[in-house]
Amino acid sequence: MPPPPSPSGRAAVLCGLGSWLPPRVVTNEELSRRLDTSDAWIRTRTGISRRHIAEPGQATSDLAVEAGRRALRSAGTDDVDAVVVATTTPDRSCPATAPLVASRLGLRGAAAFDISAVCTGFVYGLASAASLITAGVATRVLLIGADTYSTIVDPHDRTNAIIFGDGAGAVVLRGGRADEPGAVGHFDLGSDGTGEELIMVAAGGSRQRSTPGEADPQDRYFAMRGKEVFRHAVTRMTASAQATLTMADCKVEDIDRLVPHQANLRILRSVAEDLGLPPERLVTNVESVGNTGAASIPLALADAATRHTVQPGERMLLTAFGGGLTWGSCLLTWPALSRIDTPHNTGGTQAS
Ligand code: UT7
């Protein structure tokens, strides 16, 4: 199952992992006090019981810097050639968030750019970061998935306010061999822009400009047609995961862990079931963090690694789906990482 040979003979190898969650925890009970919802409804329909929410004034780059710092420490390096930030909630629409994150991490001079693929951003980011390495453009890349959905979700919108949480997760990739644990690939990436309206922030871009007084305030909020998105999420992630297995000449039985974008527990279980994967191989932390957009896969990886529910050498299949519509999947053999700092245990060190 190693990645396909690249023209350079190099592969991209995951060698560091870090995550960060803002300390404030919002439980279902707290949401039920201000929205027409209940803990029972949220748990049954989504599997979520709490999420972390950024403080007012805390921006995506603040979370990204913390996760990035932990990933660099986990990799034992303070030197990368490129910083990639996958996010739907950049600090500003211009410039990108990555250069600021890079300079705050002491990586001034590194190439830095954002990836905008909504909840598929981390998998698109992995493919981009890996390509920089296999093309010989970079030897080490810091990839961060970070989102503060609380800044774009209408707090009065009970459907979306219950799902989303804020957070950041990061990995460091380095050049290495395709047969090493940590080598990433094969990849399947795709999109279908005819589904643009299913997930959208209507105003603020060049289509519906943010001239004062023009936009309906509601248009500045995240909008999602939940039921349709649910169906697409299941079918697209399943199809993409299957395409990746076919590409790598693998069977689902060869996969030890499925790490899907943490959208909704019902979606994750359906994907595992449709793939024919036993539920115990599903990696999930949606219960404690909600849907954290581009941060969800690295947060799930960090959670599983620190709780030792993934072991070095295990074969993992990552799969994601998001607005666009976009989707993507990737194979990875879990590496032995010397340390992973958990979000609330900054001094702590845990070997995976
Ligand atoms: O990350 C990118 C991809 N995003 C996703 O994958 C999210 C996909 N969608 C979902 O996860 C689900 O569609 C939701 C969690 C958003 C909604 O769950 P659902 O089971 O699809 O509910 P629904 O929208 O069909 O609504 C069922 C009922 C409705 O009431 P009526 O019309 O049956 O009377 C809603 O108004 O539940 C109502 N409802 C709620 N009730 C209590 C919707 N939200 C809530 C709520 N609390 N928070």
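From the backbone N, Cα and C atoms, a Cβ is placed for every residue, glycine too.
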Correct range for region 'ACP-binding' (source TrEMBL, candidates 22-26, 172-176, 227-231, 262-266): 262-266
Length of the line joining the Cα atoms of ASN291 (active site) and CYS119 (active site), in Å: 9
Neighbouring C-beta atoms (10 Å sphere around the C-beta of ASN291 (active site)): 25
Folded-back contacts onto the region 'ACP-binding' (262-266), same chain, C-beta under 8 angstroms, at least six residues removed: 45-48, 119, 163, 230, 233, 284-287, 289-292, 296-297, 299-300, 321
Reported mean pLDDT - the region 'ACP-binding' (262-266): 98
